[in-house]
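Right, one structure below, let's go through it.
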Amino acid sequence: MTTILKHLPVGQRIGIAFSGGLDTSAALLWMRQKGAVPYAYTANLGQPDEDDYDAIPRRAKEYGAENARLIDCRKQLVAEGIAAIQCGAFHNTTGGMTYFNTTPLGRAVTGTMLVAAMKEDGVNIWGDGSTYKGNDIERFYRYGLLTNAELKIYKPWLDTDFIDELGGRQEMSEFMTTSGFDYKMSAEKAYSTDSNMLGATHEAKDLEFLNSSVKIVNPIMGVKFWDENVRIPAEEVTVRFERGHPVALNGQTFSDDVELLLEANRIGGRHGLGMSDQIENRIIEAKSRGIYEAPGMALLHIAYERLVTGIHNEDTIEQYHAHGRQLGRLLYQGRWFDPQALMLRDALQRWVASEITGEVTLELRRGNDYSILNTVSDNLTYKPERLTMEKGESVFSPDDRIGQLTMRNLDITDTREKLFNYVESGLIFSGNAGLPQVANPSLQDKSAK
């Protein structure tokens, strides 16, 4: 039996993820007028561009919501964000700049917490504003059904009746006005923005064209670091972790993770830290482009990875990066709570994050320009005395190194023979492409005789 309802279920309760914007306002009012019983649920994700959350449920009731609830998701959102940092769960990077999966993290929290609230109210039909071309429609679908196995999905934007009547923003605005609501359509921007307290996403419209750069974006979490008229003085900041968890900024200890992240956002935002331009692969394999902000996540990530490289050995770091990228892709696909993701999270948090205790001092300048000034940890395996170039007591002697190099003769000989075989078969040409002049030592011995 299908879980997706193509037409409005008249007379039934429908929970709508209500943002208070034009789209969800018009959808809620339309559903009520057509005979459904809408319930509105708003997630408080600490969006930097939202200044009055309490007003949103009130507006929902004015538009016909049977009930409207504001669900505080900030604590859970920050917990998932810190888990992502601990695991390095980020797979989209361009030129060393990272996308911190802030929208996928927000969807994981929203999709589970709102549906759980609906279930408490006996609401088993859910609608949201995601479109059929994007990632969110699948993320919300997965998280919703994971939370409530009896859930049915109704999306006005998949209903041809709704689209025929209110297919565009102009039609929605006129509908609100003729229904007696003085709803003023916000000014059209050159792009759309979606945000939570972990980060902001700017995409679509003009940003679909690659000749439209970051310079058309007005940051909501940072500053226009590319604008020479914006003064951004350098700033030192110290970040402290205990067992993989960020606990202090500039010597100030935080007992509330939400407040710590807000302060990290303020510090990083003053410099435009964590802003990136990414071309990515959506779940449906089509490529899209986005401009992202995540100043606090970037600050914590930089300090965390500095400690990772100073504490763990090479093989552990390699596994951290490999599994982190794999986990990041699962997160992006809406599989953050799937068994394969939980397995990776557990391993990375248990064996990598648990050892990350220490303090990193950075100097932040403009954008992603920064320097690491100091790294302090009792767990560091970086010990300069082991490799010092100065005369003194050493953990190994010249004779020890001679023995170690002699043991390399075995694999050097094997490699030389393999290279000769490749030359003989025509796979490579001796002396080309930076390869050494390769000769078969056995043939050389015969010619010498």
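The backbone N, Cα and C atoms fix where each Cβ goes, glycine too.
As annotated by Swiss-Prot, ATP binding site applies to Ala17, Phe18, Ser19, Gly20, Gly21, Leu22, Asp23, Thr24, Ser25, Ala43, Gly129, Thr131, Asp136, Asp194, with the evidence given as sequence analysis. Under the heading L-citrulline binding site, Swiss-Prot lists Tyr99, Asn135, Arg139, Ser192, Thr201, Glu203, Glu280. Taken from Swiss-Prot, the feature L-aspartate binding site covers Thr131, Asn135, Asp136.
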Roughly how many Å separate the Cα of Ser19 (ATP binding site) from that of Ser192 (L-citrulline binding site), to the nearest whole number? 14
Please report how many Å separate the Cα atom of Arg139 (L-citrulline binding site) from that of Gly129 (ATP binding site), as a whole number. 12
Tell me, if you would, which residue among Gly21, Gly129 (binding-site residues) has the fewest other CB atoms within 10 Å in the structure shown? Gly21
The answer, for which of the binding-site residues Ser19, Ser25, Thr131 has its Cβ ringed by the most other Cβ atoms inside 10 Å, is Ser25
About how far apart, in whole Å, are the alpha carbons (Cα) of Ser192 (L-citrulline binding site) and Gly21 (ATP binding site)? 12
Which residues of the same chain, at least 6 positions away in sequence, have a Cβ lying under 8 Å from the Cβ of Glu280 (L-citrulline binding site)? Asn92, Tyr99, Lys287, Ser288, Arg289, Gly290
Among Ala17, Phe18, Ser19, Gly20, Gly21, Leu22, Asp23, Thr24, Ser25, Ala43, Gly129, Thr131, Asp136, Asp194, listed as contacts of ATP, what is the widest Cα spread in Å, to the nearest whole number? 19
Compute the C-alpha separation of Thr201 (L-citrulline binding site) from Asp136 (ATP binding site), stating it in Å without decimals. 13
Between Asn135, Ser192, Thr201, which of the binding-site residues has the fewest other CB atoms within 10 angstroms in the structure shown? Ser192
Note the Cβ centroid of Thr131, Asn135, Asp136, the recorded L-aspartate site, then list each other residue of that chain whose Cβ lies within 8 Å of it, in sequence. Ser130, Lys133, Gly134, Ile137, Glu138, Arg139, Phe140
Round to the nearest Å and give the CA-to-CA distance linking Glu203 (L-citrulline binding site) with Gly21 (ATP binding site). 17
Relative to the Cβ position of Asp136 (ATP binding site), how many further Cβ atoms are located within 10 Å? 20
